[in-house]
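Peer 1: Can you read through this structure? Questions will come right after.
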Amino acid sequence: MGKNVVVLGTQWGDEGKGKIVDLLTEQAAAVVRYQGGHNAGHTLVIDGEKTVLHLIPSGILREGVECLIGNGVVVAPDALLREITKLEEKGVPVRQRLRISPACPLILSYHVALDQAREKARGDAKIGTTGRGIGPAYEDKVARRGLRVGDLFHRERFAAKLGELLDYHNFQLVNFYKEPAIDFQKTLDECMEYAELLKPMMADVTAVLHDLRREGKDIMFEGAQGSLLDIDHGTYPYVTSSNTTAGGIATGSGFGPLYLNYILGITKAYTTRVGSGPFPTELFDDVGAFLAKRGHEFGATTGRARRCGWFDAVILRRAIEINSISGLCLTKLDVLDGLETIRICTGYKDANGQVLVDAPTDADSYLGLQPVYEEMPGWSESTLGAKTLEDLPAAARAYIKRVEELVGAPIDIISTGPDRNETIVLRHPFA
């Protein structure tokens, strides 16, 4: 009987999920994306060669692994085809192994135009969107007016729906945002070109998943972004437009929760965030600059500098509960090498001096909260590339143990560098 494993982020994204998915796919028959779009950026380093994936599951670099894009993913055809071409130029046979659900909502040019126009109009109150049309595409889906991948293969039906959508969205673009209208014929012609290229990769992803399950194959579900960016459970409104938590798996792929055997939560040994929104442990001093420089904290998708801060046990406890995490993977431990003192946030103090140990449920509730820290000794020795727990300095092992105690979940994997081989596996999710 096969095992079905989930890999998802427990912070604000950028936790290092891509590397871990790539590592674990050695045992998987298939890897599935179930939410988000090409706003995700999963970086993989294999034998020193760096690859950044946005839409295609990270299992694509493992020979023979089937890669599936479930119905919960919003697909920008132009971005997907560019990504396919780049991989094929490296000799990866993407079209033979990638399957896409026809129920995926489409991201088209008017979504991108709306996304960027709105963010521009917000000024200083901007959310920090990647400007790639993700939010507007999900809006169309929920409003039941959106075009889906499967519509591409029915020209007349597609053209009629596209005309209605452009009437609606161009009215906003021109009259409210004072931006140029999107051309109907140009958009239609582009989409018909996409249709020819995408058609061979279409599949009923839900049916494929259940066929694999019945055959006893191991399946991996790859989350994008992080739990605190979830549209329902994140720091609203500074969130993404999809369910980044474990609940998104069933709705975004058609694979029910009772079939899942293990949920691996990825967390950095410190905390980062891209864009606007609450960040209680954010550092504006030399330590914050040290973490950013040592950790190469720049977004794989946008190139934006990430905000850096100390490890926050409060938000991680919330993520563990929401996702029913089986075990954690602690990444970027090596970035902390050389710090004399390391701090862990164990609670938040409000204006009245009361200490809160539960994370607030919206962004405004974070206002005025100050982090309560516990200090631990750092270590001067290098942890880079360590392969066993015994290879780590005693202070690093103590830090790992304390994190486990504070969040109430075991750390089953420790990442000590960017390469897939620079990893300590204490308990394998597929074991």
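The first residue you see is number 1, and the count goes up from there.
Cβ coordinates are placed from backbone N, Cα and C, and glycine is handled just like the others.
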Peer 1: Please pick, from Thr51, Thr235, Thr240, the residue that Swiss-Prot records in the IMP site together with Asp14, Glu15, Gly16, Lys17, Asn39, Ala40, Gly41, His42, Thr130, Arg144, Gln225, Arg304.
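Peer 2: Record source Swiss-Prot; matching candidate: Thr240.
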Peer 1: Starting from Gln225 (IMP binding site), work out which of the recorded positions listed here (Gly13, Asp14, Lys19, Thr43, Ala305) have their Cα within 10 Å, and give them in sequence order.
Peer 2: Gly13, Asp14
Peer 1: Which one of these recorded positions, Lys19, His42, Arg304, Arg306, has the sparsest Cβ neighbourhood, judged by other Cβ atoms within 10 angstroms?
Peer 2: Arg304
Peer 1: For Thr130 (IMP binding site) and Leu333 (GTP binding site), what Cα-Cα distance in Å is obtained after rounding to a whole number?
Peer 2: 28
Peer 1: Which one is it, among the recorded positions Asn39, His42, Arg304, Ala305, that lies nearest to Gly16 (GTP binding site) by Cα separation?
Peer 2: His42
Peer 1: Which of Gly13, Gly16, Gly41, Gly303 has the fewest nearby Cβ atoms, counting only those within 10 Å, among these binding-site residues?
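Peer 2: Per-residue Cβ counts within 10 Å for the binding-site residues Gly13, Gly16, Gly41, Gly303 bottom out at Gly303.
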Peer 1: Can you tell me which of the recorded positions Gly41, His42, Arg304, Ala305 is spatially closest to Thr416 (GTP binding site)? Compare CA atoms only.
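Peer 2: Nearest by Cα distance to Thr416 (GTP binding site): His42.
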